[in-house]
Structures are given as structure tokens and as C-alpha cells.
Amino acid sequence: MQLQFRSWMLAALTLLVVFLIFADISEIEEEIGNSGGRGTIRSAVNSLHSKSNRAEVVINGSSSPAVVDRSNESIKHNIQPASSKWRHNQTLSLRIRKQILKFLDAEKDISVLKGTLKPGDIIHYIFDRDSTMNVSQNLYELLPRTSPLKNKHFGTCAIVGNSGVLLNSGCGQEIDAHSFVIRCNLAPVQEYARDVGLKTDLVTMNPSVIQRAFEDLVNATWREKLLQRLHSLNGSILWIPAFMARGGKERVEWVNELILKHHVNVRTAYPSLPLLHAVRGYWLTNKVHIKRPTTGLLMYTLATRFCNQIYLYGFWPFPLDQNQNPVKYHYYDSLKYGYTSQASPHTMPLEFKALKSLHEQGALKLTVGQCDGAT
């Protein structure tokens with residue numbers, strides 16, 4: 001009887017410890033959300049990650065917590081022009097890859113696979129944990145059987161952001177010369193080929209793009225426009241974050257239905273559920289106190305797994321360029337954005353500061369002006 005009592009006591013204590021751990025994690029997540037990613041985040045993150053998982057790469061260049069400089073002047077200036085002598089730091093790139101692998105594996109996390117889900121399965125949305133979705137037959141049919149990046153490795157990769165800083169850059173030819181080209185949010189390329197190139201190996205598509213760029217497919221004209229854009233991908237990977245928020249459910253299903261109905265030649269991928277938090281965790285441990293990683297930062301983090309050298313274009317979260325000329329938020333539309341707004345889910349200038357630091361150390365190359373040979 002005494003042995004049985006001790007067993008019950010041990011089980012109760014174990015449950016209590018587990019409860020306290022999860023309560024602590026929830027409190028930290030709430031604190032991060034309420035503070036906008038500043039102040040006490042570093043100590044909070046250190047309590048969640050063991051010493052062996054802490055990154056050693058110097059990204060912010062100091063031991064003090066990273067805070068957004070609201071003037072942005074200290075962040076955006078002194079980027080070397082494309083013609084400056086930038087040298088790839090292979091040792092640092094490999095170290096970053098190994099550290100990121102402690103948090104995620106892009107080969108696996110780039111997409112949920114068909115063998116892990118079946119039609120009717122219930123999934124909790126990442127940002128709306130109280131809301132759920134059922135895996136539809138269309139979604140199931142489009143899940144890849146194996147990772148689209150299984151055993152893939154590329155010499156050079158271009159990640160093309162959508163900033164208006166690309167306009168008049170003449171970077172199109174340079175971008176297309178890379179082994180693997182990643183683009184964001186179905187950004188148009190044909191009309192801007194001189195500056196952004198045409199080659200696409202992977203393109204992301206946030207569900208909100210369907211609303212913003214294709215008028216929620218309200219009629220046949222808009223459906224045809226989206227269909228033409230999808231057909232132009234011609235075998236590329238279409239990366240659709242389907243499990244983020246419930247607001248995107250219908251839009252994801254519309255796209256899935258179009259792809260199946262019209263036999264569009266794309267390789268669909270739907271990122272794993274842990275991916276976003278894993279990416280965020282990596283950057284937080286490097287004192288880059290982001291709220292929610294942007295698509296560009298997500299793509300860079302994933303690309304470290306399968307790219308030897310990474311080149312970034314169109315990453316510029318400021319309304320003026322280095323010469324104080326106006327810069328559009330997107331190179332292809334007139335959308336406005338408050339880069340430093342507390343209401344924004346992203347901290348773009350802070351992300352840029354981290355990428356700029358990695359550029360200076362040779363881990364990646366950041367191009368924010370004209371490319372070599374541009375006329």
C-alpha cells in the first residue's frame with residue numbers, strides 16, 4: 001500500500017511539473033506578444049532553450065538586446081553597393097546551417113507529406129488555436145508524397161523580396177543566373193523582368209494574396225488571371241501556408257480546386273505546423289526579437305539548408321532609399337505599409353538589421369541598389 005501511495009505521489013508531482021512548464025511557456029509567449037518583442041524576451045527565450053541550443057553567430061554585434069531604431073538611420077545606411085568586394089564566408093554559412101538544424105529541418109518542414117494526414121483530419125490553426133479546419137480531399141490530393149527538396153543542394157540561391165527598391169536595379173539577369181530562385185507571394189515578373197528576372201523555382205502564396213491581387217476571384221476574369229499566373233510557374237514549387245489562420249481557409253481551397261481542375265503544372269507544398277515557431281525560436285535565441293517572421297526571413301532560414309551561397313534582392317523595409325529617393329512598398333503595386341507600426345505583425349527594420357549584419361560577415365549577400373552590369 002505504501003509503495004502504491006508513493007507511485008501516486010510521484011505521478012502527481014510529474015503532472016504538476018509539466019503543468020508549470022507549459023504555464024511558463026504560455027506566460028512567455030504572452031509577454032512577447034504584449035511587448036512587441038523587446039525588453040525581457042532574451043531571458044524568456046533562454047529559459048526555454050538549453051545552453052546547447054543557443055546560437056553562437058554574432059548577428060546584432062553586441063550582447064545587448066536588439067531594439068528597433070525607430071529612425072531607421074543606423075540600420076539602413078552603409079550597405080555596400082553591388083560592385084563592392086563581398087566575399088562569401090563558407091565557415092560561417094555552415095555554422096548557421098548547423099545551428100538552424102537544431103530548430104528545424106527545411107527538407108522536412110517545407111511541407112506536410114501525404115502519409116501524415118488523411119481527408120477529414122482536424123488541424124488547429126497556428127494563429128487561431130481555438131479554430132480548426134478539416135483536411136479536404138483537394139488538399140490531401142495535392143500534398144506531396146516526398147519533400148520537394150529531398151536531397152537537393154544548390155550552389156547559389158536568390159531570394160527575391162518585393163520591395164520597390166528593385167525598380168531600375170537591372171538585377172533580372174543576375175537573379176536568373178542563380179541555381180535556384182525563390183520568390184514571394186506570387187509577385188508578377190513578366191512586366192518587370194529587367195529588374196526582377198523571370199526564373200522561378202519556388203514561390204510562396206499567402207492566402208491574403210488572393211484577396212489583394214486577385215479580388216477574391218469574384219468573377220471569371222479574376223479566376224483566369226490567377227490561372228494564367230499559376231500556369232506560368234511551369235513546374236515550380238508553390239508554397240502555400242494553409243494552416244496559419246482560419247481567414248485563409250476558403251482562399252486556399254479555391255486555389256487547390258483551380259490547380260486540380262485545370263491540371264496546373266506546379267508542385268504544391270504546405271509548410272509544417274511547427275515551422276513558424278521554430279524559425280522564430282532560432283532568431284530569438286540570436287537576439288533578433290521579431291514578432292512574426294516575414295516571408296522573406298522564413299525563406300532565408302529555410303534556404304540555409306540547401307543553398308551554399310544565398311543572395312537577397314528586394315529586401316528594403318524603408319520608404320526612402322540610401323539617396324533619399326522614395327521607395328514603393330511593393331515594386332508592382334501602390335500598397336502602403338507602416339514599417340515601424342506597433343500594429344504590424346512583423347518587425348521588418350529589425351529583420352533587415354540582422355540580415356545586414358550577416359551580409360557584412362559574408363554569410364549572405366544583400367543587394368539593395370543596382371546590380372553589376374545594369375544600365
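Glycine residues also receive a Cβ, built from the backbone N, Cα and C atoms like all the rest.
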Which of ASN138, ASN151, ASN185, ASN286 shares the CMP-N-acetyl-beta-neuraminate site with ASN162, THR294, THR295, GLY296, TRP316, TYR329, HIS330 in Swiss-Prot? The record says ASN185
According to Swiss-Prot, the cysteine among CYS171, CYS184 that forms a disulfide bond with CYS371 is CYS171
Same-chain neighbours of the CMP-N-acetyl-beta-neuraminate site, Cβ within 8 Å of the mean position of the Cβ atoms of ASN162, ASN185, THR294, THR295, GLY296, TRP316, TYR329, HIS330 and not counting those residues, run in sequence order as GLY161, SER163, CYS184, GLY314, PHE315
With neighbours defined as other CB atoms within 10 A, the best-packed of the recorded positions ASN134, THR294 is THR294
Its Cβ having more other Cβ atoms within 10 Å than any other among the binding-site residues TRP316, TYR329, the winner is TRP316
Checking the recorded positions ASN162, ASN185, ASN219 for other Cβ atoms within 10 Å of each Cβ, the smallest tally belongs to ASN219
